[in-house]
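Chemist: As annotated in TrEMBL:
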- 221-234: compositional bias 'Polar residues' (COMPBIAS)
- 221-244: region 'Disordered' (REGION)
- 15-122: repeat 'Solcar' (REPEAT)
- 135-219: repeat 'Solcar' (REPEAT)
Amino acid sequence: MVKSEYQSRHGRVQLGPGMHMLAAAQAGVATLLLTNPIWVVKTRQASAYLLPRIAHILTLCLQYDNVGSTSNSLRYNGMVDALSKTYRMEGIKGLYKGLVPGLFGVSHGALQFMAYEELKLTYNSHFNRPPSAKLDTSEYLACAALSKLFAAVTTYPYQVLRARMQDQHADYANLRACIRFTWRHHGAKGFYRGLAPNLLRVVPATAITFVVYEKTSQKLMGNSNPDDGAQTSVPAPDPPDPKV
């Protein structure tokens, strides 16, 4: 929707990399403002569920005393209860913890969208296709997977920082304190913890999502005919191996 608005406003069919990033960033900010409370309670529900079990295992196996005391932890009975308790205890500020790194994280979607659009344009240009030529399934898969891989690796540290700040068991004064703590105790690797399994999860999922979106859009808009340049004799590239 934002992309279409920019195209109509500037009178151009194709947008450049900068305009692609700006359109994606605007959509990302709007999405973040609406969904940040959900991510807060999701993180807290997960930590509230796992911490007591991990502490119990350490107590039994390692004979630690008073490991993971959860006296300061809240127990939640579902998402609505978590939202209610967070708002009651911390106000609206509590529901928007992690918003600042989240705003930096808007660059993730902006980079992904820009890379995806530029990959499609570059691919079509390389094989002398019209810029708006439709791709086949394997080509969409490759462009989507590569764009997601690029964006995920580039912006992953913000996801780590955001999760740490939203965790009720970790108390950081601000984003700078969170960065210092992570660097002091874990080094550079601390900002990329969990990257490999994250890529294994999000890259294939994103590739499939983009293919379904593109094919569905073509069907709904009536652009799935062979005369639009979608089908050519050019061999399609193999999709990237999801095992990053």
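Placed from the backbone N, Cα and C atoms, the Cβ positions cover glycine too.
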Chemist: Please count the residues of the repeat 'Solcar' (135-219) that DSSP assigns to helix (H, G, I), strand (E, B) and coil.
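Modeler: Here the numbers are 72 helix, 0 strand, 13 coil.
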Chemist: Within the repeat 'Solcar' (135-219) only, compute the mean pLDDT.
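Modeler: Taking every residue of the repeat 'Solcar' (135-219) together, the mean pLDDT is 89.
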